[in-house]
Amino acid sequence: MNSPFRIVKREAPLGWGVCLVISGAVLFALGIGMGMLSIQGKPPLSGMGLLLQGAFGSRWALEDCVGKAIPIYLCSLGVAVAFRLQIWNIGAEGQFALGAVGAAWAVYRFSALPGWTLIPLMMLVSFAAGAFWGLIPAFLKLRMRANEIIVTLMMNYIAVFFLDYLVYGRWKDPASFGFPMTPTFPESAVVGRIGGTNLNWGLLLCVVSGLIIWIFFRHTRLGFELKAGGESLQAARYARLPYENLVVLVMVLSGGLAGWAGFIEASVTLNRLQPSIMVGYGYTAIVVAWLARLNPLYIGIAAFLLAGLRVGGENLQLEIQVPAAFGEILEGLILLSVLASSFFIRYRFTPRRPS
Amino acid sequence: MTWWDMLVPLLAAAVQSGTPILFATLGEIFTERAGVLNLGVEGVMLAGALAGFLTSMWSGSPVLGFAAGGFFGAGLAGIHGLVCIAFSGNQVVSGLALTILGIGLADYLGTPFIGQSAPGFVPVPIPGLSEIPAVGAILFRQDPLVYVSYAVPPLMWLFFRNTRWGLRLRSVGEYPHAAAAAGLNVSAFRWAGVLVGGFLCGLGGAYLSLAYTHLWTSGLSAGRGWIAVALVIFAFWHPGRAVLGAYFFGGVMAFQFRLQATGTHIPSSLLLMLPYALTVLVLVFSSWRGRGDRAPAFLGVNTEPAE
């Protein structure tokens, strides 16, 4: 090891330097994205410009970003709660699907109810459905020691095929000319818009659940135990924290929140159930949770920015025919480079003294 | 037709559709034995499938395509090595990010080629061996890549068991501190684990586009990478048991396709669910039996950067 620098663990936290490191990493990832554009013969700078403008450049675009950020936020908040306890819930996608199925079930079963009872009922059922899908891996982890990463992931596939099964078969609208979709929801099952804007009341759901989770971690004993349990399992076991109960709680919350995201998407965006409801919000949620360092407020910001990547990516496809998967690539690149950059938050380089 | 006449082609199909899973499972075993958890297998496979497909299409040589799949897989896994080994980032999250990146890359670069075909591999019966009743039809009337895959598990087994490098690689996964104290370069061994593992996963992907189908569609890997990650646990990190698991899953996939083709009354979405539901069952069963403690002791744990 003859490098002129020594790597030393930082004693003092980096403070604002963290922001600098993370934005540097994001810029680095965007730079690679620009390189990819230019290899494809597309203009890199104006391409990025089109991406940003498409995402944040108009009122319509901003509202679209918020609309997409809502389900991402709910999924991500849930994922973050589980990550706090070092439970790797990769199953937000499936819990989202089941939440949408639950909401639709409530609509078709109780379609005669007025909105003020039907919507809370949809919320209840979708939360329960998502939570149920989260409880299965929790149970298998605790009782059978099955790895929750794989179980939650496989359950994503199962949930999506279950949704397909309903939409292509049992619940298919006979009047849809063979298209795989369920009948449209009645007016009473649609979450309304806020004032004269294009934003829906799902935003309020995000704010309220974000606040509750924040207070839970910050000001309750259980929340503190959860954080402690996540930081050191060994210590938590010594302190006789109710680890099993915490796992169950975390997976119920995690699945339930993702279930709500499915409810919002089914109710507001599609007004029905169809396969196109699955666009990978559950996976983006993992990226968001990690970028935001599991903090409910930062999750809001990161969800908005990554929703922007999707909206902007669509604009890029429209304007210069770059496949929309470009946004996905950027998502992966950003996460990877932020992960690598966290090295500089934990360690510093000092010059080696000549000896 | 008797049940025997149906069973032999089904087993042959099981070997064929189990082969990509086998390559990926062996790759992940190699990586995990060095103590690195790479959850990016699905992304690496898909990107390897695309690289193999494009190379074969442009060069006209499927052999070149197969190699390209492997090298592209190794390259993509190298990003994981960079993040986890060089910058000690979180292995779980890095692997997930790698999957997102790999799927994105395959969609981004592959979209213009959807539905196009490339020269691939076709079955070549081995003279003599293929005449053995039943066994010949199942094992020796396959494409050349399947024969390649037969060689990998025994080689890996010998490598881990009987060679100095294999033992060293294992020691880095079991107890890196002791390995470092004994003068081994832990990072170098972990890099080898990640790159060789990525290479094998990339080969598995290339198998999909060059032998399983000869055309490009989006989402070609369809969760096989994740199944491979689960099979590593089922295999208790042993190449031999990986063969068993991969062919079992290949069998389930082949069976499900055949059942669909016969026009059963079971809805196709429920049949498609089958392999994934079974993965959960197999995983639960093997974790319960093996109690998960056969994993390399330092799997997923980064070592501190050297001072």
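Note: Cβ is positioned from N, Cα and C throughout, glycine not excepted.
As annotated by TrEMBL, transmembrane segment applies to B:6-24, B:36-58, B:64-88, B:95-115, B:191-213, B:225-249, B:270-288.
Sequence-remote contacts of a segment are chain residues at least 6 beyond its ends whose Cβ falls under 8 Å from one of its Cβ atoms, and for the transmembrane segment (B:95-115) they are 37-47, 49-50, 53-54, 57, 76-77, 79-80, 83, 215-220, 225. Between the transmembrane segment (B:225-249) and the stretches B:6-24, B:36-58, B:64-88, B:191-213, the greatest number of Cβ pairs separated by less than 8 Å involves B:6-24. Per-stretch counts of Cβ pairs under 8 Å to the transmembrane segment (B:36-58) identify B:64-88 as the leading one among B:6-24, B:64-88, B:191-213. Below 8 angstroms of C-beta separation, residues 27, 31, 36, 38, 40, 43-45, 47-57, 94-95, 97-98, 101-102, 105, 118, 120-121, 145, 187, 190-191, 194-203, 205-207, 209-210, 302-305 of the same chain, each at least six residues beyond the ends of the transmembrane segment (B:64-88), sit close to that stretch.
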